[in-house]
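Below is one structure, written out as structure tokens; comments come after it.
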Ligand SMILES: C[S@@+](CC[C@H](N)C(=O)[O-])C[C@H]1O[C@@H](n2cnc3c(N)ncnc32)[C@H](O)[C@@H]1O
């Protein structure tokens, strides 16, 4: 099966069958094995197993990617996947269908701990907390792909191939039914939302345009003791219990906010986090929500209209913190009201980055609470803030994406 190279030329291992002992979990939904001195990232295996793998990609350098196609010695954590489309060559959406839910949480905890150790130099025992509802039937938002002949499906891992799945066991009940029973524009994508009232909203994304096709233009969500009405495309947590879990952890992280205090809620979305912050600082306090998506800011303005402390700023965070913002009297230089007593930042997957982390640190807040869905980005941001004197205090992690390798973290950093 393997390609044979000429003398001196490195062999391409793609398609080669190997037997390997599986080592620790690595970030990204795979485990690390070694073969003939090279690192092999193996999907669909578990630490401690001996498996037969097929190499799916050879990067030509130090590592390969592979799929476990036979289990020679199984881990006690191994179970039969609940999904017919999971496994080697199957749907790329789930990484850990073959592990018990408890083992999945241990694997994610190990990844968070390893990223913090490697990228931030912090040794810490991490626990990933379970959310209610079990490992199936939770996903309220998903992006589907469409086959060349118009059938909705899900992509194979690291491939453009679309599997026209007949179901998705992690999707919220009923979410996919109206989507699967009709045809879509070939090669488009379909954005599916099932809101807290059970209404399904689906829009087709094609050639840069978004066409709502199913459901109304308002999704209703409930969290933090409030209700939200927001456009389906605006950000909302994917797991139905994640919003409350994140809010609780953030409220814990910001600590005792005195009435009249000032809090910044950066990347604030529709105001999920701003709402409980506003209740804490009271009407004489200030919660400045910064968000770039006009749909989300409109929803925040409308849904939080009863909270006079909330000020919604539609802008990119970089702009109000960086050179693009009008400099004002705040300590760190920004166009936002301040100085903030506390900053909450919930950036997209790539995290804050070093420059922005430095600009946040300059604001002089006593606490910075980071919400992060990528442990590597979190660890890099924690390391960047540490350069400015912020020390990691509490860290909560939630299994907000069961069966996948994703994990949601809330980290509290205290100024020196
Ligand atoms: C992970 S979501 C968090 C939303 C909100 N905190 C919540 O919990 O519902 C990140 C949000 O940041 C917004 N966003 C992305 N890039 C941004 C930027 N450069 N400046 C401001 N907001 C941004 C997105 O539109 C999205 O609403």
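A Cβ is built for glycine as well, from the same backbone N, Cα and C atoms used for every other residue.
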Candidate ranges 321-342, 343-364, 365-386, 387-408 [criterion: TrEMBL lists as region 'Disordered']: 321-342
Proximal but sequence-remote residues of the same chain as residue 291 (S-adenosyl-L-methionine binding site) (Cβ under 8 Å, at least 6 apart): 267, 268, 269, 297, 300, 312, 313, 314, 315
Cβ neighbour count (within 10 Å, all chains shown) around residue 237 (S-adenosyl-L-methionine binding site): 23
Inter-residue C-alpha distance, residue 346 (S-adenosyl-L-methionine binding site) and residue 373 (active site, nucleophile) (nearest angstrom): 9
Spatial neighbours of residue 373 (active site, nucleophile) that are distant in sequence (at least 6 apart) but have CB under 8 A: 349, 400, 406, 407, 408, 409
